[in-house]
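These features come from TrEMBL:
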type    : residues              : note
DOMAIN  : 8-283                 : domain 'Tr-type G'
BINDING : 17-24, 81-85, 135-138 : GTP binding site
Amino acid sequence: MARTHKLEDYRNFGIMAHIDAGKTTTTERVLYYSGKSHKIGEVHDGAATMDYMEQEQERGITITSAATTTFWNGKRLNIIDTPGHVDFTIEVERSLRVLDGAVCVLDSNQGVEPQTETVWRQGDKYNVPRIVFCNKMDKTGANFDQCLSDIKTRLGARPIALQLPIGAEANFKGIVDLIRMKAVVWEDEQLGAKFHDEEIPADMLERAKEARAELIEAAVEMDDAAMEAYLEGNEPDEATLKKLIRKAVLVSAWFPVLAGSAFKNKGVQTLLDAVVDFLPSPVDVPPTKGIDPKNEEEVVRQSSDDEPLSMLAFKIIEDPYGVLTFARVYSGVLNKGSTVLNSTREKRERIGRMVQMHADTREDVEEARAGDIVAFVGLKDTRTGDTLCDPLKPVILEKMEFPEPVIEMAVEAATKSEQEKLSIALQKLASEDPSFRVSTDQESGQTIIKGMGELHLDIKIDILRRAPHNIKVNVGAPQVAYRETIRKATEIDYTHKKQTGGTGQFAKVKFVVEPNEVGKGFQFENKIIGGVVPKEYIPGVEKGLNSVMTSGPLAGFPVVDVKVTLVDGAYHEVDSSAIAFEIASRAALREAIEKASPALLEPVMKVEIVSPEEYVGSVIGDVNSRRGQIQGQDMRGNANVITAFVPLANMFGYVNQLRSMSQGRASYTMQFDHYEQVPAAVAQEVQAKYA
Ligand SMILES: Nc1nc2c(ncn2[C@@H]2O[C@H](COP(=O)(O)OP(=O)(O)OP(=O)(O)O)[C@@H](O)[C@H]2O)c(=O)[nH]1
């Protein structure tokens, strides 16, 4: 089967935003106008097409990223929905990894908000070309110019308006298109609203000319010939201007800014035009790189059907039809019924059924080609972030990075009979979401779940309690994921000797134990010369050390950033064994850590609080009482923005406290920033609690 669309006519893009900026509404409208959605599910009715899960609709935030295919102006659009909540930035990263471009939606009344900033930085990290849509121009307080200046000051990026809003708030009518120098006016606020060109209103003409001059100057910077012509008095024509804008977007030289109101059905069609005109196709972005698993050499895969097959699984969801694995095809052609290699896990997977999602339907497809986003039904071993490829030409595409979880919670099934059901469900959740982990506490035997924040774990518990799982789960209080480390280097000489009739036990080890570079984790080196500790006992040594590393001597938390070198030792012909060396090494390391200024580390969160003036005093006082350090205070519109570092341990239940302190008017967001040593007095409390 041939291609329906040339690769140049693909736009794989995402819509990113702070919570409530209107990402879901905008996506809905895009699907409606591009003809693929027959009815619009208003967000406040809780029926949005992109929102899959029940509890998601209740919470009104989009947690899963779904991918939807639609069409506009002869182009094939694959829209990847990205969540806005900071607890789920991991999902945003995953989506950004497989996008070629993005629309960043702002609430024109709020400008650049904390998570706009977060997702923007992630966009920078993955070099995602972006355009900005200032949504909610109909809302009281909507301010397009403020959005432009926020992009400069808060994101440090260069915004260039392609449009100016005509009117604002209740009088928002349409936009001035600065490329064509025409007003575009929407005729009503209904769905499917019609629009037409008009002359630019007289009172806006001066401003439009200035804004257009700024656009043209930014555009001609992208091309020497265009610049020369411009300096000689020749402005680029419309087609050239669009090409120059596209060039700027592809290299993120600057960012085009548009205006509209998704909710009032204005500006969405012009946004779609901009997506088609300015966001990249798969051939406009650098080719995908990976490594050959056989020899670790770099492999480059061009975006083309003629290259060997390579795909990246970026999302796994469970819906009423079963498990769906979403993948982006980077190169090659995939046929239904073929077998692919999961090169990340060295497992083969048969592609039984594959589907493409549209707003309200799923379409069975027989093949997928470079540039496509497809979902597979019923894959067994593939996890988020895995590469699927041609078994004869294997490649592992760049791996995704996942941050360490900072919060944990004990869970158990209310009844014995449900215990197994719970553990199967938990394994499944962990395989869908790499930032969610499940483990068993060695001492208590409890099941521990770990994640990125309170809300993250709350949502997982919610999923377990609902259909199809319907498990009655009891949960413990959320706990901070502390870590242990050392501050000083030390040496330890330890002999394990036991003589109880028959064969005895003997092992002697000498270690140098020292702090390792931050982030380097645990490192073991064997510097034994002359076989004073024979090779066959080294696995025992490592096992002993590892048991201390997973459960440190201070309070049983993982020990990080420690280097242990085995420098000397002794053994006995008859009495030595791997077990004897394991026991000796465990005891030796515990003793060494106690001598090496052990320290307890805690996760510190970067917290941003947005508060009306009158509550700033109490907000700051409260942050200080939580061992927080205020980093800065800024004005955004008429609201104060307070940034602080606060230990996660002191952030539990903050949402309620802040609400009651500010009569519900202040809000906050936080994300993990770094680990820091716990002050002595607090460390004692933590130790007592976990002893
Ligand atoms: N006045 C106005 N309200 C809007 C507009 N677009 C969206 N809204 C409203 O803003 C709220 C949030 O919109 P959503 O589309 O759910 O925003 P979102 O960014 O998808 O939110 P999350 O999924 O929670 O990240 C809803 O109540 C919408 O009806 C707009 O253009 N104007």
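Cβ from N, Cα, C; glycine included.
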Checking the binding-site residues Ala17, Asp20, Thr82, Met137 against ligand 1, those whose Cβ falls under 6 Å of one of its atoms come out as Ala17, Asp20
Neighbour tally for Asp20 (GTP binding site), based on other Cβ positions within 10 Å of its Cβ: 17
So what pLDDT does the domain 'Tr-type G' (8-283) average out to? 86
Other than its own, how many Cβ atoms are within 10 Å of the Cβ belonging to Ala17 (GTP binding site)? 26
